[in-house]
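Asks: Structure below; questions to follow.
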């Protein structure tokens, strides 16, 4: 795959756009279709395309397993942490109203944070699963 | 117009499903699963559910196809020829299950029925109060992230658990662990 000039050029042009779109879907999910889950999958697609065209090793240089595992567990922790934070601030678990003085502002903060947690976990877990499968393929 | 597109998409869906059933070529099967997901995503879009269509297109067509191809490459690419024997008991079980499922759908409210409990109980409150409660224009996000935040936490945990499971099962350790003789009991 490494000598395939057309694939390499097209992939190089596409990957930044896909990444940008993933961030748009992530942070614009309150206003338009999308959210953390979709953004995470789109983000992982960009890295996946990179891994398929430029090779697994180069992709692993960008995002090593250690980083991916930290991101995957960090996302779940962030989500659950928002719940704990609202508990500590005197509300129910995952009740965002208490996160700020204004309930609506609190809802905004809560939703953006948990969507970020979802995005982190989904993107890194998809990549982890793919990398793990693909490494076995290389070894065989 | 929408009805025509619906019928065309559903016909293609059936054709793809039959194609998946009939082909014995696993690579072609994986690609047709991707096509199937894309058709389903188009149907969701026609039903005014862009959020679901988005997920179906990204996960079903993108990630799932690539994962299936990676699995095919990692395992041996062989498929058994199915036995062509006709089995009456299997036919009876399939037909009676189908009949039961259809019987079950009789109790469901009609598609799009405004009097269905789904539309009269919680949905109305979400639509009327969602904007004031959360300040988020996209109701799907408001429901998923705020009203049903607990469920979404569960979903994220499921995704995380799947990743942990794959890592535990398939990750190659640096050195194979061999029980030394000193530890033998």
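Cβ atoms here come from the backbone N, Cα and C positions, even for glycine.
What TrEMBL records for this protein is below:
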- A:5-24: transmembrane segment (TRANSMEM)
- A:6-127: domain 'Na+/H+ antiporter MnhB subunit-related protein' (DOMAIN)
- A:36-55: transmembrane segment (TRANSMEM)
- A:67-89: transmembrane segment (TRANSMEM)
- A:109-134: transmembrane segment (TRANSMEM)
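Map these features onto the structure and tell me what's around them.
Replies: Same-chain residues lying 6 or more positions outside the transmembrane segment (A:36-55) and placing a CB less than 8 Å from one of its CB atoms are 1-2, 4, 7-8, 11, 14-15, 18-19, 21-23, 25-26, 29, 62-63, 114-124, 126-127, 130-131, 134.
Long-range contacts of the transmembrane segment (A:109-134) within the same chain, counting only residues at least 6 positions beyond its ends with a Cβ under 8 Å from a Cβ of the stretch, are 22, 26-27, 29-30, 35-37, 39-41, 43-44, 47-48, 51, 56, 59-60, 63, 65, 67-69, 71-79, 82, 86, 94, 96, 99-100.
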